[in-house]
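What Swiss-Prot lists as region 'Disordered' is 48-313. The compositional bias 'Polar residues' annotation in Swiss-Prot covers 68-82. According to Swiss-Prot, the compositional bias 'Basic and acidic residues' annotation covers 106-226, 278-291. Taken from Swiss-Prot, the feature compositional bias 'Basic residues' covers 263-277. Under the heading domain 'tr-type G', Swiss-Prot lists 400-569. Under the heading GTP binding site, Swiss-Prot lists 409-416, 455-459, 509-512. Residues or ranges marked as region 'G2' by Swiss-Prot on the basis of similarity to another entry: 434-438. Annotation comment: Swiss-Prot describes 509-512 as region 'G4'.
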């Protein structure tokens, strides 16, 4: 064996000598370029390189491209070249050494097989190329001969007949020789191709037999040790043909194309006639072959990713549908995986019409989903709210607290005067019109303990205020005037107290008046379930006089006695909670809320969550306007610092985190809006007809501003109750605080009148009012406001017309006039007859005609009127059937002004 030097080894492995010397040095072998390298050193170098550069990959992918050019004859004798590219790809997975050796041997066998096949294909392509060249030469020769033939034919016409015969014979001989030569060449080409195909087939069969035998032996020796991974073929192109079946399909397709080409060459006109059918057949063949190629190995290839993979479900799928408090129809349809039209159809069957974007409530959505066969899961969306409200310090021991007493009764029965005497102040004189229009909250220190009083309005408009007062109280003091007795608001106060489950203490006021009758009050109240203690009931009756101060101490004792029976207790230490008694917007201080603390201690700086609003308590004041820093149970306070004006009656709760309080307030606002939209089902079937029947109804638009929230509610409710079938009151805007430019602009846009109750318009609002000529009115007493709105509504009512008889004339005779026709000679028996007045003709007290008096004369003179007891001639317009004895009734139509009752 010849020695292998470093230089020869570098040339053999195709690398530079310097790099090989460096690699040998890295492997611990110091050599110069001329030194010899032993086999052991070569193995050490190979092991070093394997360690440095890592072993071979577990996967081996072979990609081959074979390009060839095929010359195909085209139309007009021209040949065109077609580029053919065959792409092949195969992936192998490395197993152990034996598997690698077997794989290498199998790969060598396959390469030999492919080499034989390629040689056969190349030989066939060369033969076809030679054949195409010969055919092209023959085609050119035939064209030349045809040209010569045409020239000879033209020449033959000019020459003699004997020359034409000689020329034709010569041409026929040449044509026959050319055809014989062509047939001979075609036979030779077919024989060559047949021999090449037989040789290739024989080699393939022999190689396949050898490969099968070798594979059988290797499978027996190394069973289960090597597998070929063909997974990569799934993602390869459709042109990748690696299986034996695919190669056979390609060969068959090539043979068919070649046969079609030859048939076109031989067929002549017949081939042209069958061109369409041949094209369709060859296209079908190509589609079939392409389908075979796509089949891959053993038909296991996956379908194309472009194919539709959806299969229609055999039956409806029942889903778990999660529904919140509100949901749109489109969202519900998506959760059930159905079309929105199906949900709308189901709702219409249930009697509700809805659009696809309409918000529906939880109950409706639950009914629809269950009707369509799905399981409903109701979701509670107020988890954050509950978590915030439950995270409070309320575990301290309860202590006795002062009672909260509400003074209720009919208007002008002396509620505020009674409370005045107790507080020793003059509050009643400060109220406009001498009536209470706000809830006043006061706490009074008596000899026997502290009492918190709430003074509610007695007017009918303040029903909601009285209801809030009854809910926030422990004891109700019902004030009844001894001279008036039980009145409508007295009965209403009894109903509120019973609904809230609050005990009653009856104060019979104005006992010092001569016409006072306390027994009458007891009898009337007993009809409504309020029985005195002396009659076996539970209600305490105390006779008082707010002016003279009679019985005040007895009333306080009765209140404290009732409080002891109730055993009122509250947690004093801890986070406070209470109820909003009243709220308003102060121009200098912002939103102000009067809060009655129920439990805990409200401190300055606490974070308060109140309905839709939240905020930090910036300042606290008592009912006298004094600054305080804390307020315990049963103490009413004014707090500043809320984000907006809370609604009266809202729960005020102290929480820990301002951020969470803001989230809860925003959630409540959103929920309120969604629920409001869900309940506005104007598209329901039962409402459609009522909307159509209403027709044209006059509307009185009003923008209302008041000083406190309770007054806004009371006035708005009273105004809405004034609506009739012909005129409706529509409050387009309402709020707490002064009249601003925005309010004036809204009134101008909606053609509304501006009403201010105990508030005034600012300078910018007044400018808009003057520019737009708006109707702006101020009020301080609710009676005046309601009366003027009634007058405005009366002006919008359609007028009524009344017919009033002004005169009667008896027909004595009838004569003719060439100008007016029949003229009735009459005697005025009653009233006055006026010209151009409407009349009725009565015959035997039955109206037979109604028209107009056209002509009125007395002694040939036209007159405007004829009085009682005088004769006249009357011409009735467009009526000539007047007879003696008829009565002509003259009347006027007068307008009667209507009012709102």
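Cβ coordinates come from backbone N, Cα and C, glycine included.
Feature annotations (Swiss-Prot) mapped to structure.
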residue	record	Cβ within 10 Å
409	GTP binding site	28
412	GTP binding site	15
415	GTP binding site	30
511	GTP binding site	20
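Mapped onto three states, the DSSP output places residue 412 (GTP binding site) in coil. Residues in the region 'G4' (509-512) partition by DSSP class (helix H, G, I; strand E, B; coil) as 0 helix, 1 strand, 3 coil. Note: the compositional bias 'Polar residues' (68-82) comprises 3 helix, 10 strand, 2 coil (DSSP; helix = H, G, I, strand = E, B). On the 0 to 100 pLDDT scale, the domain 'tr-type G' (400-569) averages 76 in the predicted structure. Counting residue by residue with DSSP, the compositional bias 'Basic and acidic residues' (106-226) contains 114 helix, 0 strand, 7 coil.
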